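TrEMBL annotations:
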- 5-89: repeat 'Solcar' (REPEAT)
- 102-187: repeat 'Solcar' (REPEAT)
- 229-249: transmembrane segment (TRANSMEM)
- 261-283: transmembrane segment (TRANSMEM)
Amino acid sequence: MYSPKFYAACTMGGILACGLTHTAVTPLDLVKCRRQVDPKLYRSNIQAWRTISSAEGIRGIFTGWSPTFFGYCAQGGLKYGGYEFFKKFYSDLAGPEKAARYRTAIYLAGSASAEFIADVALCPLESVKVRMQTTIPPEFKGTTEGLRSVVAKEGFRGLYKGLYPLWGRQIPCEFLPIPGGQDVDDAIDTMMKFASFETVVEMIYNYLPKSKDQYGSGVQTTVSFAGGYIAGILCAIVITSHPSSAFLVRRIYGEIGFGGLWNGLPVRIVMIGTLTGLQWLLYDSFKLFVGLPTTGGPALEKGKK
């Protein structure tokens with residue numbers, strides 16, 4: 001635990017978890033992006049996929065898969081590996097007693113630090129992906145062409161135009177603490193996916209009759225999937241409605257109204273909930289495969305005080 005090999009394994013687990021899952025849901029993301037740009041473009045997701053496939057073939061449904069895959073492989077490795085590193089780093093700074101008492105704050109700080117770095121790697125590829133998915137026909141045929149075109153027209157800064165909004169969207173959604181006696185608005189304001197996952201997993205193991213290490217890999221990975229799915233649903237609400245600037249708020253209200261803020265929410269709930277659950281399932285399955293324990297657990301093992 002916490003050796004260079006440990007962090008390398010966590011990084012590889014993150015690459016597999018994020019790269020594969022985000023690529024698999026590219027068709028959902030494509031429809032969501034196009035419907036947010038033009039709410040009248042498609043009547044439903046099924047109708048959207050039929051229209052796209054008839055005009056562009058099956059490949060059209062997966063428009064943007066390449067920058068999605070490479071971008072989220074990079075982001076996933078840095079996010080999960082970085083989270084494990086910063087969680088340990090901040091726990092050591094706090095000391096054992098305070099780290100246990102303020103563990104949610106540790107989760108928040110660790111995931112925010114990791115996501116801050118991971119988004120720097122993701123942003124250029126996310127920029128290409130969005131341009132491919134929101135233009136008909138797609139502005140670029142592939143990732144390399146997209147990167148070269150943006151750099152040629154706008155310089156390297158063009159690849160990072162969306163970095164601040166990306167930080168504003170991704171970092172809050174890496175937390176999502178579960179409301180426990182606090183106001184729901186406060187919970188939404190601090191929406192962070194990793195802390196939510198850790199909290200849900202802790203609650204599940206506290207509810208189960210036996211300690212975590214008495215359960216096999218099947219139960220442990222099922223708990224990981226359940227924790228990720230719940231965190232993903234909460235995060236979907238933030239991602240769908242998130243306006244990155246005051247100007248964008250005025251534009252949304254002026255052009256498509258408050259309801260336009262929620263275009264694509266059902267798709268996002270299915271996509272992000274399933275995606276996040278599968279990410280934790282794949283990540284913790286990989287950790288078990290290499291001999292590491294799954295993420296999270298009860299604050300105190302049963303029978304210990």
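Glycine residues also receive a Cβ, built from the backbone N, Cα and C atoms like all the rest.
TrEMBL: automatically predicted annotations, no manual curation.
Counting residues per DSSP class in helix, strand and coil order gives 73 helix, 0 strand, 12 coil for the repeat 'Solcar' (5-89). Per-residue pLDDT, averaged across the repeat 'Solcar' (5-89), gives 89.
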